[in-house]
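First comes the structure, then the notes that go with it.
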């Protein structure tokens, strides 16, 4: 029994070298110079495009500008919203208390009064809200 276990262990240890498997990272010494590249016809091609270097402040500023522009476009575009189907929405001035469905008008919201005891769909308009112009 012991000989079978030892023989199995020896075979398992000898299998990778016999199959030509390489343990660990591949040796990459000497490939750093273009004249020693493996594929000389591909040495001029770059797989990754060169990136423009910018400072951290510039990157953060551009990211914030993109996020603000996207958020502003979503808020100021009520025409982009589709009217909801009448089966799954509450009409204007009807009770929306306890309903999990939205108001039919895309510019309306469920407005609650008296400690959320009385709720109905209503258009809330302000001077900055594009829905108030309708």
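Placement of Cβ uses the backbone N, Cα and C atoms for every residue, glycine included.
What Swiss-Prot says about this protein:
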type: DISULFID; residues: 89-104; note: disulfide bond
type: DISULFID; residues: 96-110; note: disulfide bond
type: DISULFID; residues: 103-121; note: disulfide bond
type: DISULFID; residues: 107-131; note: disulfide bond
type: DISULFID; residues: 112-119; note: disulfide bond
type: DOMAIN; residues: 89-131; note: domain 'Agouti'
type: SIGNAL; residues: 1-20; note: signal peptide
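The separation of residue 96 (disulfide bond) from residue 107 (disulfide bond), Cα to Cα, is 15 Å. Ranked by how many other Cβ atoms sit within 10 Å of their Cβ, the disulfide-bonded residues 103, 104 place 104 at the bottom. Cβ-based neighbour count (10 Å, all protein chains) for residue 110 (disulfide bond) stands at 17.
Take the CB of residue 131 (disulfide bond) and look out to 10 A: across all protein chains shown you find 17 other CB atoms. Fewest other C-beta atoms within 10 angstroms, among the disulfide-bonded residues 112, 121, are seen around 112.
Listed in sequence order, the disulfide-bonded residues from 96, 112, 119, 121, 131 having a Cα within 10 Å of the Cα of residue 104 (disulfide bond) are 121.
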